[in-house]
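Quick look at what TrEMBL lists:
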COILED    135-199  coiled coil
COMPBIAS  227-240  compositional bias 'Low complexity'
DOMAIN    49-86  domain 'RING-type'
REGION    219-277  region 'Disordered'
REPEAT    458-490  repeat 'WD'
REPEAT    544-584  repeat 'WD'
Amino acid sequence: MEELSAGPLVPAVVKPDASRAAADTGASAAASGETFPASTSEPDKDFLCPICMQIIKDAFLTACGHSFCYMCIITHLRNKNDCPCCGHYLTNTNLFPNFLLDKLLKKTSVRQISKSASPVEHFRQALQKGCDVTIKELDTLLSLLADKKRKMEQEEAERNMQILLDFLHCLRKQKVDELKEVQTDLQFIKEDINSVEKHRMDLYRARDRYSLKLRMLDDSGGRKSWHSSLEKSSSGIISSPLNLRGGLSSGSHTKKNDGKSQINSHGLGVQRRDAVTGSDSQLINQSGLALVRKKRVHTQFNDLQECYLQKRRHAADKPHSQQERDMNLISREGYTAGLEDFQSVLTTFTRYSRLRVIAELRHGDIFHSANIVSSIEFDRDDDLFATAGVSRRIKVFDFSAVVNEPTDAHCPVVEMSTRSKLSCLSWNKYAKNQIASSDYEGIVTVWDVTTRKSLMEYEEHEKRAWSVDFSRTDPSMLVSGSDDCKVKVWCTNQEASVLNIDMKANICCVKYNPGSGNYIAVGSADHHIHYYDLRNISRPVHVFSGHRKAVSYVKFLSNYELASASTDSTLRLWDVKENLPVRTFKGHANEKNFVGLTVSSEYIACGSETNEVFVYHKEISKPLTWHRFGSPDMDDTEDEAGSYFISAVCWKSDRPTILTANSQGTIKVLVLAA
């Protein structure tokens, strides 16, 4: 039950014991002991104690004629009664002070110190010994010392001034560069303001033309109705003289027609007022929405500013030929490529501000108390989604039924039992009825959802398999990673693995590049992401470094953009084409559990150990929005509710809909809303 409450933990690399290295370092430092200064010659070996191999202190002579440090030989004789040099029988009574050796050692030490002493030290020793010096000689020495002091102070002042001057030159260069960069940025901003103002005026003119056409259509329609009513009334008036008997009736008929025309004209006025009122309310709603979006811009202004300048500078740094191609593509807008990119970012970033729950269901059943959902995935057409976890069951649900039917207890359309707890699912993007799973026993299974039977079972992994993924370009290929430090590539037409990559740390996640079946990304417990070309697995194409803990998930936003999650509570975005880090995302909490990661073309979503779902825009490092799961059980205390965490997330293609699940077995369908 302890494992169920905590959930599956992300593997971690055990660091080598530093105590042994420290002990080795300490031992080598201790072995150096007391030695003569480096500038002097090596000490005579006859002056070294045979036990500690250092200069003898308090020399004592044995009966057999060998000299040792007093403490060294006493310590030795406590354990053994023999001479360390010749093995002669020896006791404490056979030890005698070696005064001659002590005197020689002291003289040698003084001689060595005097050789290494400075002239000032020699002069000081001479004065201490009572060397006779006259007043005139002292005056001469003091004058020399004063001149030497002034010269040293002058040199020190010159060095300080040179250091200060170098610093100021460096600071000026840096500020000049910054000024040039600011001036360039201001020029970019000025050009973009002119472009946006011009485009806005074009939009205003187009709107005015459209409004004028609508008014002309309304006016022409009103005149036609007025002319038709006028013709009817005039025909009634003209026919009345011809009616010899019906003067009164014709008059009443005319009055009725007049009443109808008044009613019609009044009704037309009401309709026009309603249309004006509707347009006014629509304008109010639009202005309120614009105000909310402006607030979002100001909230993340620094990040948006950095994004704008980065894209604008990058577009300006492109070769001239490429700039011309970009201008040809967006000539109708009058924008530069950088401004066009940033407008897209600004639009997608300010479009949404919250996550709204549109459906919720419980994953658990009466036969299994373990409800942690380890993986949740949409099928090829986003019609079905599958869930798997520690309950040893793969459940397939109809998405439209979950969203449209109000009931809380939705029954799966397909349910398949497994022998072990499941860690990951992956739908085949070509064969709609195929789904692959990996489990805690290291078994990778390919299932037929239609027949509810396994098509292939691969049992080569020796430990728990954490991840499995189908190739998007070759529907028969899939890859898996395991705690046995191996990545295996499988083919659904073969019973054994077709490729094997041995690594040095546990494998937490694997993912095919969506644009090529030759490249895979591997997240490892060694804190790195290894990007492999399967045509040459001798070494990775590149190793992405930056995470401080195990990499728990890797997902591709595009053929060149890779997102990763780690138990260091960060997400990172990488450029696998240029092999560069792009951005780091912070805001969620993740230190030990698999909390899920999912990506779309513009957004990245992940779970948190605070039982919250976080959504990031790929261009902004701070969260766009987040949603906290509430406990459905009213009896749960806050502490118990806080022990739950998000365990799986999945976008519905490029739509603003996301499937989320937590360790309690609650599944929610969330949608991004304004």
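Residue 1 is the first one shown; counting continues down the chain.
Glycine is treated like the rest: Cβ placed from N, Cα and C.
Keep in mind it's a predicted model, so treat the numbers as computed, not measured.
Helix, strand and coil counts from DSSP across the domain 'RING-type' (49-86) read 10 helix, 9 strand, 19 coil. Mean model confidence for the domain 'RING-type' (49-86) is a pLDDT of 90. Across the repeat 'WD' (458-490), DSSP classifies residues as 0 helix, 18 strand, 15 coil.
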